[in-house]
Every structure is written in C-alpha cells, then in structure tokens.
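Read the structure below first, then the notes.
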Amino acid sequence: MAIWAPVNRTLFKKTSTYFLVATLCTFFFERGLDMISLAIFEHLNKNKLWKDVKDRFKKKEVKKDEKTCK
Amino acid sequence: MTKSCQWNQLSLRRFSIMASAVGRICGARLLKNYGLVAPQVCQLSTGAQGWTKNRKLWLSTVGVVGSGVGALLFALEQSVQASGSEAHAPHQPWSHDGWFKSLDHASVRRGYEVYKQVCRACHSLQYIAFRNLVNVTHTEEEAKAEAAEAMIKDGPDEEGNYFERPGKLSDYLPSPYPNENAARAANNGAYPPDLSLICSGRKGGEDYIFALLTGYMDAPAGVVLREGQNYNPYFPGGAISMAQVLFDEAAEYSDGTPATASQLAKDVATFLRWCSEPELDDRRLMTIKAIGMFSMLAAVAYYFKRHKWSTLKSRKLAYKPVSKK
C-alpha cells in the first residue's frame, strides 16, 4: 500500500490527471491486447497464414526461372 | 383568461391523462412507497409472499409455450431430413473449422490455381477482384502479373470504341461469358452459377462442394438422364448438367503438391469458402480479442458486484418482537 497512496493522491484525485491516466492506459491496453491476440492467433495458425506460406510458392517460380536461364 | 394560461391548462390535463395511463398499466406498484425496511425484508426473508394465482398461470403458460417452440425448432434442425432424394454431404475435417482456426492459405492458393485452370472455363467469379488476392493467395507482384494475363474489356475511349487491355489490380476477374444467355447457349441450356458466394449459398457449404465434385457416379437403374446430363447423388434431383471435371492431374499446382482429384476438390472448396467469406480470418482473430476483452470486463463486473454487495451481505437485521403484554 506504500505505492498506492501517493499514486492515488497525485493521479486519481484531480479530474484532469485522472482523465489523462485513463486515456494513456486505454492506449497502451488496446495496443497490448491487440498484440497479444495477434500473437495467439498466429501461434495457433502457424504454417497456415500467407506470411508463413508464401515462400512455398515463390521458391518454385525462382527455380523455374533458373532452369530457363540455364 | 389569457391564451397561454389556457394552453397551460390543456397541457396539464394531457399530462394527467398520460400519467393515469401509465398508472393503469403498471398498477400502483411503480409509485408505491415501500418504506425503508420492506424492500430488504422482501429480498432477505424467505417469507411466503408467493405469486398470485393469475400470475402463476400466466407465467407457466409462457414457459410451456416457449419451451415447446424451442424444442420444436431444435427437433426440426436435428431431424434426419429424409424427405429429399439427394444424399447429404458428409462433414469433412476442414482446417478452418473451429473458433480460432484461420484458413489454410496454401490451400486457398492452390484452390485459386484449380479455379483458374478448370472452373473458369464455365463459371464466373465476378465479385472477386485481383486486388483481393494480394497477401491472401498472392504477393502484390504475383497478383499484378496474374491481372496482366487477363484481357479486360474497357471503354469507351475518345472515339467511342470499346477495347481490350491487360488487367490491373483494381479489375474484377473476367467472366467466361458476356451474359447469362450466352452461358446458357454454350452449356446446353444450363446456367453455370457465379462462384463468388456459392459456398455460403449452398446448404452444406464447402462439404457440399467437395462431395459434389468428387461424387459423380453412374446413374442407378431407373434414373433417366437427358442428353448432356450427368448423375450426382449430392445434387438435388440427381441430374446435373455439369460433367465431372476433377480427375487426377486435372490441374497443375505451383508448389508441387500431388494433384489428386480429392486434393483438387478440397483446395477449390477452401478457395470458394474464402471467396464467400474473405473476412473469416479477421473474425477468428476478433474472437480471440473479444474473449480477452470480455474476460477482463467480467472480472471487473464480478469485483464490482462483490464490492457493492459487501455491505448488504454482512448486514444483520434484528427483529424485536413486541411483547403482547
């Protein structure tokens, strides 16, 4: 509780600082939630999303080009 | 009496009529003063303040009718659906089945290749543009090359003539026939439907498409097919004008996957699911986000409830019975 009391006094008692804290927390919370959700989604769907898959199709085309060049 | 005064009286009367109407509907319950103790006694005592007979009757009727309708709807949904003659498509283990499962984009890409090499001969895909393929089945360069291969009818130019030009990313996939009549004329009177929304538009979705594409067979005895028709048990009526098109090696994959008939059917079904529902991946991601968000809100609501009820829960009511003497 040693941390809580000064934080409460300096930040939460005044409407202006309280509003500022709420806005900043919202921003970071939203970014955090987005990043965590995306990380979970990409972990669950590994090797299925386009960013994981695109090399499979690319490499073939490069190889074909090399063959035609040779 | 001045005019404004009359108006005031009128509006007052109107208000009193409205108030009496509300009073009639809600009964006196709305405005009744319960006093300080009564509501708490109501909530906390287990005293026998039961419902009136009429209310009991009314509520039990609502309950019986409501659960009956619910049970009927459930039963209709669960029925064996044996009235039609068509076979029902068995459920396949799609990799995008599930709350959090995205589409398999390798499969979607291969499905596009199947569409391009096989289906496009007859079926249009008019609501998909080349730009939709970017970062879904193709990189931007690949999609541009894909668009440039197609010739798009454009115009009129400065002299009023229509002309053909190589496609751009903003163009939609060109249709094989200029209009429905041309499509019917070329296909024995049958219209090959547009495939953009076919997966959502057919009962069974991708299961139906997979079953249809792999389910062609010889017509059983007694089934008469007209010329140009084929037999497919999954097609309502059985007689389908589309011939079997997916055989082993009917299309070529750019990633080297063996192109068996069932692989082709599976990939094109996945591709058509993407065409019907391009936002599927976003919805899966949104599910994860919503669970995170709402679990936090639930925790807050739970804490808030405990906080607000703590005084009520820890309160004791003492009754002092008045002695009869």
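A Cβ is built for glycine as well, from the same backbone N, Cα and C atoms used for every other residue.
What TrEMBL records for B:57-76 is transmembrane segment. Residues or ranges marked as domain 'Cytochrome c' by TrEMBL: B:106-258. Look at TrEMBL and you will find B:CYS119, B:CYS122, B:HIS123, B:MET242 tagged as heme c binding site.
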| note | Across every protein chain in view, the count of C-beta atoms other than its own within 10 A of the C-beta of B:MET242 (heme c binding site) is 20
| said: If you count other C-beta atoms within 10 angstroms, which of the binding-site residues B:CYS119, B:CYS122 is the most crowded? | reply: B:CYS119
| query | What same-chain residues, at least 6 away in sequence, bring their CB to under 8 Å of the CB of B:HIS123 (heme c binding site)? | reply | B:TYR115, B:PRO176, B:PRO192, B:PRO193, B:ASP194, B:LEU195
| task | List the other residues in this chain whose Cβ sits within 8 Å of the Cβ centroid of the heme c site residues B:CYS119, B:CYS122, B:HIS123, B:MET242, in sequence order. | result | B:VAL118, B:ARG120, B:ALA121, B:PRO192, B:LEU195, B:VAL245
| If you run the three-state DSSP split on B:MET242 (heme c binding site), which class comes out? | coil
